[in-house]
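A.B. asks: TrEMBL lists these features:
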- 10-229: domain 'YjeF N-terminal' (DOMAIN)
- 62-66, 132-138, Asp164, Ala269, Gly332, His382, Asp461: (6S)-NADPHX binding site (BINDING)
- Asn63, Asp128, Ser167: K(+) binding site (BINDING)
- 234-515: domain 'YjeF C-terminal' (DOMAIN)
- Lys427, Gly428, Pro429, Asp430, Thr431, Gly460: AMP binding site (BINDING)
Amino acid sequence: MTHLLTAQDMREIERSAMEDGIATGAELMERAGRRVVEALQAEWPDGGRTARRAIVLCGPGNNGGDGYVVARLLHGLGWSVSVHGMGATEELPPDARANRQAWEGIGSVVPLSGDLRIGQDRPDLVVDALFGTGLTRPVDGLGGLFRDIAECRALGCPRVVAVDLPSGLCSDSGRVIRAEGTEPAEAAIAADLTVTFHRPKLGHYLSEGPSFCSRLVAADIGLRPEATAGKGVPLAAARAAALAKNNASHKYDNGHALVLTGGSGRTGAARLAARGALRAGAGLVTVGVPASAQLEVAAQLTAIMLTRVDDGEELASVLEDTRLNALCLGPGLGRDRVRALVPVAVKAGRGTVLDADALTAFEDDPAALFADLHEGCILTPHMGEFSKLFPDLAAPLKAAPESGPATSRLDAARAAAARSGATVLLKGPDTVIASPGGAATIAASVYERAAPWLATAGTGDVLAGIITGLLARGFATLDAAASGAFLHAEAARGFGPGLVAEDLPEELPRVFRALGV
Ligand SMILES: NC(=O)C1=CN([C@@H]2O[C@H](COP(=O)(O)OP(=O)(O)OC[C@H]3O[C@@H](n4cnc5c(N)ncnc54)[C@H](OP(=O)(O)O)[C@@H]3O)[C@@H](O)[C@H]2O)[C@@H](O)CC1
Ligand SMILES: Nc1ncnc2c1ncn2[C@@H]1O[C@H](COP(=O)(O)OP(=O)(O)O)[C@@H](O)[C@H]1O
Ligand SMILES: [K+]
C-alpha cells in the first residue's frame, strides 16, 4: 500500500538514515540526481541525438543541490548544459555547495535572473531544481520566467522535468504557494515529468499537484522501507479478501441497507444509490418511499425492495427491525424530509451515510446535525456542500496560500471530522477521507487512475450507495468509505468514456473480478 508523506516525514526519514549510517546526505543527493537522469532517459528514450541541450535551474537549498548533480551527469552523457543558480556558493547547505563546486569544475553557474527567457535558446530540456520540500513562501521575481517556460512547453519544446516537486508547489497540500492576485501559472513551473524520492508526497496527489506534476515517478534512493513505518497517509485500495462473500453466508449475513428517497419526480438519486448498495454486495436493499412516490419507485425496482416511510415516526418504526443495519439519506431527499428523517436515522445508531440534501439542509445550523452524529456516520460532501457545513474550514482552501505548508484538503477534512464526530469524505479527483480520531486515507483518481468521466450527474449518489452497501456488509466506517471510493473510481475507469451514473453499479462485477474477489 502506498503511503503519501509530508515534507516533515521525509526530513525525519532522511535524518534517521544519516544517523543510522544507512547513507550520508551526499550519497542521497547523488542518488537523487542519478534517479532523475535515469527517469528522464526512460521517459524519453528518443535521446539518440547527440547535440541535446538542457537548462538546469538550481535553487538555494538541497533541491538545487540535486540539480547540480543532474547537470554534471547530463554533461557526462554528452548533453550541452547551462546552469542558472540561486544564491552564493558559500551560502548553500553543505551537500548542495559541494555539488555546485563540482559543477563549477565543469562549467559556470549563471546567477538566475527573472529576465531569463528560454524561448531564445530553445533547449530540449529544462530541469527544475529550484525548490522542493523546503518551499515556505511565494517564489519572488520569477513570474516572467515561469510564464515563458509554460508558453514554450505548450508548443512542445522543451520538456520539463521537476526534481522532487514542481517549484512553487507546496509539498504537503499540492497547492501553489502564491501571493493573492497572482496566477498559479506564474507562481509554479508545470512539469512533464516529476521525479520524487523514496515515496510520493501528499502534494503530488492533492489539489493542483497532479496537474503540475503531469507524470510522477517515485525513485528509490536507498532509504529503508522500515523507516517509513507509521508515517504518511495511505492511498485507498480495496482488498479482495474483505470483499469476498463467505460461501456459507445467507443474505442477512450480508446486511440490509435502507435508502430513503424524496417524493415523486425526484427518486432517481436514491434509486441510483440503492443499486450501488446492492451491487456492492449488501444482502438486501430497501428503498424507503413517501406515499407520493410509491408507484413511481415500485415501477422501477426489481431486486430492490420498497417500504413506506412518510415521516420520522414511520422511520423509527421501520428501524425497529434491527437487521436494517446501514442507512443512506440525502440523494434526492428534499429539505423537509431531511429535517424529519435525519435526526431519527442518526439516533438509531446504525452505519449511516449522509450525502447531498442531508448535508445542505443543515446549512443554517450545522451544529444541529453534528449534535447527534456518531462514529458510524459518514458525511460525503463535495466542495460546495463542504463549504456550507464547514464555511470556516473551506475558506483557507479558497484563498491563495501565501505560506507553506499550506492548509490542505486533508487538513480540512480532518478538522471537519473532529468537529462533526463523523467520518468525512470530501469528494473530488483527490477524494480525502478522515475519521474523527484523525485516521485518514486518500482515494485519488489521478495519474494512471484518472477517472474524468466521473464528472457527471448522479455519480455521487452511486458512491453514497456503494459505501452504504459496504457498511451493511460490516465494513468498519473508514474502510467502507475508502473501499467504496476506490471501487467507485475503478468502476468508472473500467467503463471508460461515455460513462453515466447508471453504468457504475453495473460495472462493479467486472471490478470485483479484476481484483480477484
Ligand atoms: N529529504 C531527503 O531525504 C532528501 C532531499 N533531497 C532534496 O532536498 C530537497 C529539500 O531541500 P531543502 O530542505 O534544502 O529545501 P529546498 O526545497 O531546496 O528549498 C529550501 C531553500 O529555499 C529557500 N526558500 C524557500 N522558499 C523560498 C522562496 N519562496 N524564495 C526564495 N527562497 C526560498 C530556503 O530559504 P529559507 O526559507 O531558509 O530562507 C532554503 O534556502 C528535496 O526537495 C530534495 O530535492 C534529496 O537530495 C535527497 C534526499
Ligand atoms: N474529474 C474527476 N475525476 C475523478 N472523480 C471525479 C471527477 N469529478 C467528479 N468526480 C467524482 O464524481 C463524484 C461526483 O459526486 P457529486 O459531486 O456528489 O455529484 P452528484 O451530486 O451529481 O452525484 C464524486 O465521487 C467525485 O469524487
Ligand atoms: K523542483
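Using N, Cα and C of the backbone, Cβ positions are placed for all residues, glycine too.
These numbers come from a predicted model, not from an experiment.
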A.B. asks: If I take the alpha carbons of Thr133 ((6S)-NADPHX binding site) and Asn63 (K(+) binding site), what is the distance between them in whole Å?
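C.D. replies: Computed Cα spacing between Thr133 ((6S)-NADPHX binding site) and Asn63 (K(+) binding site) is 8 Å.
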A.B. asks: Look at the binding-site residues Gly65, Gly428, Pro429, Gly460 and tell me which residue has the greatest number of other C-beta atoms within 10 angstroms of its C-beta.
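C.D. replies: Per the Cβ count, the most surrounded site is Gly65.
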A.B. asks: Expressed to the nearest Å, what is the distance separating Lys427 (AMP binding site) and His382 ((6S)-NADPHX binding site) at their Cα atoms?
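C.D. replies: Just about 5 Å between their Cα atoms.
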A.B. asks: To test your reading of the K(+) site: which residues beyond Asn63, Asp128, Ser167, same chain only, put their Cβ within 8 Å of the Cβ centroid of those residues?
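C.D. replies: Neighbours found: Leu57, Gly59, Gly64, Gly67, Ala129, Leu130, Phe131, Gly132, Ala162, Val163, Asp164, Leu165, Pro166, Gly168, Ile189.
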A.B. asks: Provide, as an integer number of angstrom, the distance between the C-alpha atoms of Thr136 ((6S)-NADPHX binding site) and Asp128 (K(+) binding site).
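C.D. replies: Per the Cα atoms, Thr136 ((6S)-NADPHX binding site) and Asp128 (K(+) binding site) stand 17 Å apart.
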A.B. asks: Would you identify the secondary structure of Asn63 (K(+) binding site) according to DSSP, in three states?
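C.D. replies: Reduced to three states, the DSSP call for Asn63 (K(+) binding site) is helix.
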A.B. asks: I'd like the number of other C-beta atoms within 10 A of the C-beta of Thr431 (AMP binding site), please.
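C.D. replies: That number is 27.
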A.B. asks: What does DSSP say about Thr431 (AMP binding site): helix, strand or coil?
C.D. replies: strand
A.B. asks: Quick one, of the binding-site residues His382, Lys427, which Cβ has the fewest other Cβ within 10 Å?
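C.D. replies: Comparing Cβ neighbour counts within 10 Å for the binding-site residues His382, Lys427 gives His382.
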A.B. asks: Name the residue among the binding-site residues Asp128, Asp164, Asp430 whose Cβ has the smallest number of other Cβ atoms within 10 Å.
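C.D. replies: Asp430, out of the binding-site residues Asp128, Asp164, Asp430, has the fewest neighbouring Cβ atoms within 10 Å.
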A.B. asks: Looking only at Cβ atoms, how many others are within 10 Å of the one on Thr133 ((6S)-NADPHX binding site)?
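C.D. replies: Counting Cβ neighbours of Thr133 ((6S)-NADPHX binding site) within 10 Å gives 26.
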A.B. asks: Starting from the Cβ centroid of Lys427, Gly428, Pro429, Asp430, Thr431, Gly460, the recorded AMP site, name every other residue in that chain with its Cβ within 8 Å, sequence order please.
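C.D. replies: Everything else in range on the chain: His382, Leu426, Val432, Ala443, Ser445, Ala485.
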A.B. asks: For Asn63 (K(+) binding site), what is the tally of other C-beta atoms lying within 10 angstroms of its C-beta?
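C.D. replies: Result for Asn63 (K(+) binding site): 26 other Cβ atoms within 10 Å.
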